[in-house]
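> Below are the structure tokens for one structure; questions will follow.
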Amino acid sequence: MFAVLIDQFWSLTIAGIALGFIYVLISLGYTMVYGVLRMINFANSEIFMWGTFGTIITSRDLFGYTQTSEPAKGFKLALVLLVSLLMSMLVAGLTAVFVEFVAYRRLRAKGTNRLATLISAIGISIALQELMRLLTHSRPVGAPRVLEKIILSEVWGANIRLDTVITIIAAAIIYFILERFIKLSRMGKAIRAVSQNEDAAKLMGVNLNRVITTTFLVGGLATGAAGFFYVTVFEYTKFNIGFTMGMAAFTAAVLGGIGNIRGAFFGGLTLGLLEVYASAILGTQWKAVTVFIVLVLVLLFKPNGLFGEAVQQTRA
Amino acid sequence: MNQKIKQGLAIVTAAALAFGLASVSTATAANKTYYIAYQGPLSGGEASTGIDEQNAVKYAAKLFMAKNKGITIKVVSVDDQGDPAVASTVAPGIGTNKNILGVVGPAYSGATIASLPYYKQGGLVLISPSATRVSLTDPASPDFGGPVFHRVVGKDDLQGPALAKYATAGVANAKVFIFDDQSAYAVPLAGFVTSGLKKVTGASVVGTDSVPNTTTDFSPTIAKIKTSGATVVIYTGYYSQAAIFIKQLRDSGSTAIFAGGDGVFNQEFPKLAGNAAEGSRVTGVGGLAGISSKLEADFKKQMGVSSGVYSVESYDAANILLEGIKAGKTTRALMLKWVNAYKGKSVSGNTIKFDKNGDISYGLFAGFTSKSGVLVNTGIIK
């Protein structure tokens, strides 16, 4: 039973960390919106899915890579990857702002109850998914291989692959920038102020609508970056991938303490590793069972998640 | 909640279709309109299978109408989402709508079982392109679909051993790792592959896994494959997951032979997987042996997309019903008789004929190997 874990420990760990970082970035989308609005953005899963197409459009349509073309090298490689990343972030960021405008802003202005916003968010997420399904004829979309999956080195029997290394390092940098942004920038402070006390923030002259839109945008940018890493590692996307990934990222956010950015970080990594280890030890059919038992246990002892506090706030 | 809303919509759509049809049934003598139905998942997570199949049915109807002026064929979409619960709510309306002469489908075995009581009652003939569960054509089983149920696809208990044999061909003392996608299609098929392997000399099962069909990170499964020292990996799910998996397997440095069943048998598989698919072994129904590239090109021109999973089976099934309409079998009773006694050619030239339980006579499987981005037929697996 544990033979696989012992034999393949480092391969599994690296894969789990890479997957975990993708979860971290998606959970930021959930956790930031929750921080300021106290509402779950159910459309975040579809914002992620739309983000993955940003990378596909860039490599396939903008740079003309096909399934059979040679992977890029040197400067061209860096260029394609960078543009893909920015494109995914842009697509997802704009989608997130669109969701805010359509599903949240007007209802908020009208002062409707939270349930109405919940339903409008679910509504827009179904619409986004079905629209992509129609655009792609319900087919999976393969991404061309831009980044050759070179095995950099072997450490303790584990293959360290270029794509996983890039994912881990780049995702960590993006996370760090976001964290600093929330902690140090003027807008970040405004976001935290709204998160702590909306009315007081308003009285201090914080423009609430602008803060909320920025929160959606920043959450969308992080989620879009996750879309880029997802396509780079798995070279695939489909209209329905959002649900599974979104569910996992939401779980990670709750595990870490929703509304808390550091919580999203540890929640995402914990979940990534947990999924991979559980699948290897017990069989992949036990993955969901294990993950949710752990989640329930954590919530039993720490109802606000690992890093949550009694009063949940967006904290850096 | 998402699922519930969709289910509600499916019911409303089906009801609207059923009522809508009743009002347009007065066809003029000059131009006769007949209805056949397609049933399968047309929305929700399984939608791609259903849409591929329905496209093939619509394509067959288009070609038929072009050849037979004066006959209009309407294909009624019955969306069961591949879900027995949804199927049991849409099937009654179709069962009682006498305008519908026959059904291509249902696509999935579970949904078929849930729909059967209504279709048996209505005497509505079914030709499924993809329901492979063994019990559907077993007279001793409560799931038995006779006399209305037919299928133009091979059964799991024939495919399992064929896949076991094909996957291990030429491999001495094959160490086999089997995994499925947890679907109602894949799990039983994996079982029949396992029992089929017992008859392959020297072969042994060294590991198994069961991976949700939404998985994109296969690293735990690959870790198990590496630890098990498998030389052959058999996957009983569908092509889109197979394509993701095979890329990751090859990237991990493994050179084990990869094989899959008719769920993987799709020209999209080598396209999605690229070079990683090279040498992969896939089983498909023997009757589909030589699908022509000319037909595919025309399909793409007419339907706007390339053909997909079970396209050929769906096309064949639709043609059986359409030929019946041409031969004047325009009541359900006549159509049922027609299908039961049917003897004709499949698109690939094989003879289609059903046995008394509704199984296709040529239920033999052919082996396909991926070469330069195309699945190439290597003949019937014996």
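Positions of Cβ are set from backbone N, Cα and C atoms, glycine also.
As listed in TrEMBL for this protein:
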TRANSMEM  A:12-35  transmembrane segment
TRANSMEM  A:47-65  transmembrane segment
TRANSMEM  A:77-103  transmembrane segment
TRANSMEM  A:155-178  transmembrane segment
TRANSMEM  A:211-233  transmembrane segment
TRANSMEM  A:239-258  transmembrane segment
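Where in this structure would I find these features, and how exposed are they?
Listed by sequence, the residues of this chain that lie at least six past the ends of the transmembrane segment (A:12-35) yet keep a Cβ under 8 A from its Cβ atoms are 5, 41, 44-45, 47-48, 96, 158, 160-161, 164, 167-168, 171-172, 174-175, 178, 182, 191, 195, 215-216, 218-220, 222-223, 225-226, 229-230, 233, 245-246, 248-250, 252-253, 256, 258-261, 263-265, 267-277, 280, 312-314.
Cβ atoms under 8 Å from those of the transmembrane segment (A:47-65) belong to residues 26, 29, 72, 80, 83-85, 87-92, 95-96, 99, 128-129, 132, 141, 143-146, 220, 223-228, 230-232, 237, 239-242, 245-246, 249 of the same chain, restricted to positions at least 6 beyond its ends.
Listed as Cβ neighbours of the transmembrane segment (A:77-103) (distance under 8 Å, sequence separation of 6 or more from its ends, same chain) are residues 29, 41, 43-44, 46-48, 50-55, 57-59, 62-63, 65, 71, 117, 120-121, 123-124, 128, 146-147, 166, 170, 212-213, 216-221, 223-225, 227-228, 231-232.
Same-chain residues lying 6 or more positions outside the transmembrane segment (A:155-178) and placing a CB less than 8 Å from one of its CB atoms are 7-11, 13-15, 17-18, 21-22, 24-25, 28, 81, 85, 147-149, 218, 222, 225-226, 229, 232-233, 261, 265.
Long-range contacts of the transmembrane segment (A:211-233) within the same chain: residues 18, 21-26, 28-33, 35-37, 41, 44, 47-56, 81, 84-85, 88-97, 99-101, 104-105, 108, 143, 146-147, 163-164, 166-167, 170-171, 174-175, 178, 181, 187, 190-191, 194, 201, 241, 245, 249, each at least 6 residues beyond the stretch ends and with a Cβ under 8 Å from a Cβ of the stretch.
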